[in-house]
Amino acid sequence: MGLSWALLPFLLLAFRAELLALQPALGSQPPSASSSHSMGSSRDFVSNVSSSQHPQPPGSEASAGIPDSNRFPQGLNSSHVPGLFRTNVSAEEQYLSPDVTSSETPPSRVSLDGLDSQDPDKDSGLPFLVKTPASQISVQTPDTKVPTKASGSKLSLEHHNLEPGSKISSEIYQAASFPQQVGGPLAVLVGTTIRLPLTPVPSSSPPAPLVVWRRGSKVLAAGGLGSQAPLISLDPMHQARLRFDQIRGGLELTSARLDDAGVYTVEVIRGGVSQQIREFVVGVFEPLPQLSVQPRAPETEEGAAELRLSCVGWNPGSGKLSWSRDGRALGTSDPEGAEPPRIRTERDQLLISRPVRSDHARYTCQVRSPFGHTEAAADVSVFYGPDAPVIRVSSDRDASPALYVTAGSNVTLHCSAPSRPPADIAWSLADPTEAAVPAGPRLLLPAVGPGHGGAYACIAANPRTGHRRRSVFNLTVADLPPGAPQCSVEGGPVDRSLRFRCSWPGGVPAASLQFQGLPEGVRAGPVPSTLLVTVPARPELSGVAVTCLARHLVATRTCTIIPEAPQEVLLQPIVEETQPGDVVVALEVTGCPPPSRASWARQGRPLAPGGGGRLQLSQDGRKLLINNFSLDWDLGNYSVLCSSALGAGGNQITLTGPSISSWRLQRAQEAAVLTWDVERGTLLTGFHIQAWTDSSEVDRVTMSRDWVSLLILGPQERSAIVPLPPRNPGTWAFRILPILGSLPGTPSQSRVYQAGSDLSPGAIAGIVLGSLLGLALLAGLLILCICCLRRYPGRASVKKQHSLTLAPVLTPPAKKIQSLTPVQTPRPLPIKTKMQSPHPAKAQQVISPSPTLCPGGSPWTVRAATQV
């Protein structure tokens, strides 16, 4: 029997009993149109049930429709359906009045809201239309024709007799509203029982409720509540596993299977009107599986086509599958039509296209269900590299070792090459003969030298993939050239050009040389080590500074040369005593700057440079050396000529033996001062100050009156101070003996030093003669003046008006104590230089008297003081 045939008798009986039970209440209680009907569904629920015509009074027609058993309600809402029922719920009973304000109500019919319980006769003849949103049941009164038609079963119900003129009050006893789904989806395991309770349990008071259970659009069970209520229908396909509770209205489905999952709906119907609809979302899951990722140790290379990981043990019924990498969830595949991502999922597999090194991670597949979760993981190894090796250099001395390292520093080379697994590092040195090359990322080069410079190759090899990469680093070891750059300039052929030369040889790498200051248009470098530039000779080049700029990795040095014409050329003799008795004489020319060349001559005969023998010229030609000098052979005239493209000049000198050209003896307090001169060209190595005396108090002088050397002075000395005994010094004789090596020269003339206050007879005679001569001259002058005055008396008076006035001459007082001693010399001797003595003495004043006539005619001795 179909569902329509099963529901038809129960529906008719329930509707008839409801009408009979509500008839007395309609006359005593007015219906209310303000109550709401509790219903909801996620699907549309529409079915029409038509019943066959029954004999009814005229104008009385009732039609009812029941839901289609093959359609599942989804989005049912009372606000969307015209002609909805509104209920007024009180503590005792509920009243239902139809709302016929919808446009679907024919205008010839009167809605249930227009019924008046106080005038039953008037209302009994009006049509009564009732439509529910769920069942679309139409009831017309007072006609009792109730056509009932269930769609799908094509069944026409038999007519039922209703009393004509009876007042019908559609009273529906419904329970309190309940939500569509309580507690979220229902999850069960395969093989367990699905229990769907109906909460709250509908009241079993008449009219008896009808409970219909569906899964989707398929009816699973339908029946009334109560122990005496019949069970109308059970789905034949699930009849063996279905249990319908007719007391509480619940449903049980034993031995749950995966296909039992879905949306279950329960509908409570009273008197042909759907009152309650509730949905249950049921999920059926298999127990959580034991998962594993295959392959267990996946390996691939960077740039491979793809890598697939499978989550073994998962099936769709056990739960939702997800993948993660290092704990971060991986996104799902892109929508259809978009470019597929590089990492995507396909069923139970994770596909990694074109793996890269960042894909090296731990991948986890996880299955999650309401009953828990399980997971499995695998470590994916992505081999790559080696990349191009990178060589870094460090030095304990240098700030920028990548450019160069200085000789003697300790250098370390570091090589790194990103690779998985780590690459094996090997070195290839610049020196191919080096056999013991250590393996590893660090290469130590202690105390590097120029031989360590060159190319160093780092070779990185991946031991897993076999790939190899190589990089080369050029190590520069810088060694500064010794000394400093040397600059020179010399004349070209026929003195028409100047050749500038700069040299700084040695060093690693070679220094770069360049001239600065040369005329424009002259190519002046840079060149390594040695630079030679020829410039046409021009007068304006004289005095111009030309600088050579020498650049090296370690330092930058300069040298400057100024080409000049010869000026004030002068020869100077230089005497050196290399060994006792062995003398070397040199002639050095000054005022002969580069680019001048010096040409030497002796006694008018030119000297060839580099001729050998005892006469030798220096490398620059500006010094003439005379080895093993001999007074018999090497004395004479020497000359030099300096010439260049800028001018010429010369000088000559006559070399003589050791001698004194002139000397002086002066008195001082308790000392004798000697000064002397020598001719230019005199060769000597020192002076001996010699003396003898007739006083026996001097221990250094013998009674035989031999000359004794009191002082020995150097060749540059030109004065000497000889201290004398303070008491009774006596008479002294002094002379100067020049020395050349071990050979004595010609001594000077001797001079006598007379100590004490008594004048010698000669001095007294001189003073007397001088005084007489002075008086005679003064008398003659007076006589001459008298004669002139007598001869020219007028002019004398005029002259008297202009008397002669002489300014007084002031002599500054002496700073030291002076002594007066008469000597035979008429004037003092000037002192030029100081004399050094083995016994140091302080500088003293030398005072020599000078005879002068006093106003009275007698001579005075005037002191002449000289500070020594």
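Using the three backbone atoms N, Cα and C, a Cβ is placed for every residue, glycine included.
What you see is a predicted model, and the numbers here were worked out from it, not measured in a lab.
Per Swiss-Prot, the feature region 'Disordered' maps to 26-82 (among others).
If you look up Swiss-Prot, you'll see ASN48 (among others) marked as N-linked glycosylation site, on the strength of sequence analysis.
For ASN77 (among others), the entry in Swiss-Prot reads N-linked glycosylation site, with the evidence type sequence analysis.
The N-linked glycosylation site feature in Swiss-Prot is assigned to ASN88 (among others); the stated evidence is sequence analysis.
Here Swiss-Prot flags 96-154 (among others) as region 'Disordered'.
Taken from Swiss-Prot, the feature domain 'Ig-like C2-type 1' covers 289-381.
Taken from Swiss-Prot, the feature region 'Disordered' applies to 323-342 (among others).
Residues annotated as domain 'Ig-like C2-type 2' in Swiss-Prot: 389-474.
The N-linked glycosylation site annotation in Swiss-Prot covers ASN410 (among others), and the record cites sequence analysis as its basis. Applying an 8 A CB threshold to same-chain residues 6+ apart, the list for ASN410 (N-linked glycosylation site) reads SER395, ASP396, ARG397, LEU444, LEU445, PRO446, ALA447, VAL448.
A 10 Å cutoff on Cβ-Cβ distances gives ASN474 (N-linked glycosylation site) a total of 10 other Cβ atoms nearby, all chains included. Per Swiss-Prot, the feature N-linked glycosylation site maps to ASN474 (among others).
Packing around ASN628 (N-linked glycosylation site) is summarised by its Cβ count: 12 other Cβ atoms lie within 10 angstroms of its Cβ, all protein chains included. Among the features that Swiss-Prot reports, N-linked glycosylation site is placed at ASN628 (among others).
The DSSP secondary structure for ASN637 (N-linked glycosylation site) is strand. The N-linked glycosylation site feature in Swiss-Prot is assigned to ASN637 (among others); the stated evidence is sequence analysis.
The transmembrane segment annotation in Swiss-Prot covers 764-784 and rests on sequence analysis.
Sequence-distant contacts of ASN637 (N-linked glycosylation site), defined by Cβ-Cβ distance under 8 angstroms and a gap of at least six in the same chain, are ARG602, GLN603, GLY604, GLN652, ILE653, THR654, LEU655.
Summed and averaged per residue, pLDDT over the domain 'Ig-like C2-type 2' (389-474) gives 90.
Following the DSSP three-state reduction, the secondary structure of ASN410 (N-linked glycosylation site) is coil. ASN628 (N-linked glycosylation site) falls within neither a helix nor a strand when secondary structure is assigned with DSSP, and so counts as coil.
Here the C-alpha separation of ASN628 (N-linked glycosylation site) and ASN474 (N-linked glycosylation site) works out to 58 Å.
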